[in-house]
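Mind having a look at this structure? Questions to follow.
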Amino acid sequence: MMKTESNLNDAWYAQCGSECDVALSTKVRLSRNLANFPFPARLSPGEGDRIQAILLDAFNKVDGENFHAINISALDKVSARIMAEREILDNELQTEGGIILRNDGRFSGVVNVRDHICISSYNAGFEVEKAYSAVSEFDDELQKYVQFAASYDFGYLNSSLVDSGSGMRICVRLHLPSLSLLKRIPALVRECSDDGFVLSASFGSGGASAITSLNSASSALGFFYNLENVSSVAGSELEQTAGMASEIKKIIDMERNARTQVFALMKSDIRNGMKRSVAIARASVFITLREAIDIISMLKFAKDLGVLSGIDDEQLHALLYRIQNGHLEFVMKSGSFKFENDVDENPVRKVEKLRALTLQETFENIVLSV
């Protein structure tokens, strides 16, 4: 992780992929289980160790120089939090299992948590086919050395029935401020559900925002959403990737088409939200995580509307990770920072101050023209 933080421009989340005005990132995960072993929930300690050894050996044979293994129990709190913030782990409280992580952070394998192995590929932007190709090719290489549980009728056998079949989950993070402000998200959620997808908040629900006064109970914090397939049972991997790509393209078109309309209907409120976001970011001593996500969202919206300069998409995307608690705690551990006495005695305040400084440094050259 120190390598990743010290080379921020090389991190996958500091890039700008295809359609990055709406689609921020793509994750494709394949779940697999070794034949002739119980699922993780029923493993004995010896069986769990054996599975981890088998899979680590297979990873080493495929591309050992570029991967390193970590026992989840050996992670300190900050490292576990970072793994959760980067969506490698489901949550920072996970204590069992292991992680096999590629050095560039674009590829991971999580062992003995949900299934024996969940291999994931991460890309910036709308890159379903690219992420799928990477994880599928690696899966093919692994199967030269291990046998995964599968049947002709059900496909790959996994601990959850909805994860059987192809065993593939696709998740794309979206920024949908226009559709949110026009209150079209509830209808979109229903439409996605009818198509076999779930649209959910990336960072929790929005509610009333003290910064922009634009969020509503029906919108996500910062207007950031995840779109994910509900099940991997029906259809082949190619059919599932094509279905997700079609759904994403539809939503991208909807968001882009709504921009002009929402700006015409709510220009003063949107201008107020953008100006307040810049002012609060530049003047605050402390900024909470929720405030930071709101601020980043409004400035991204301004950039996508063509009324913000002095910052690129890559910087805005990277900020969504850099301002997370674990990432800031890591920076504090790795660097030398001097805080005022009343701040130094309060761990929460130290993180909030460093978050404010991070935003101020990144926003130093921005110009808002509304």
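Note: Cβ is positioned from N, Cα and C throughout, glycine not excepted.
What TrEMBL records for 25-29, 169-173, 200-205 is ATP binding site. Per TrEMBL, the feature domain 'Phosphagen kinase C-terminal' maps to 22-258.
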Measure from the Cβ of Gly204 (ATP binding site) and count the other Cβ atoms within 10 Å, all protein chains considered.
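A count of 14.
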Taking every protein chain in this structure into account, which of the binding-site residues Ser25, Ser200, Ser202 has the most other Cβ atoms within 10 Å of its Cβ?
Ser25
Please compute the mean pLDDT of the model over the domain 'Phosphagen kinase C-terminal' (22-258).
90
Just to verify: the residue among Ile170, Val172 with the fewest other Cβ atoms within 10 Å, which of the binding-site residues is it?
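Least crowded of the binding-site residues Ile170, Val172, by Cβ count within 10 Å, is Ile170.
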Taking only same-chain residues 6+ apart in sequence, whose CB is under 8 Å from that of Lys27 (ATP binding site), what do you get?
Glu87, Ser120, Ser121, Tyr122, Asn123, Ala131, Ile170, Cys171, Val172
If you draw a 10 Å sphere on the Cβ of Arg29 (ATP binding site), how many other Cβ atoms land inside?
23
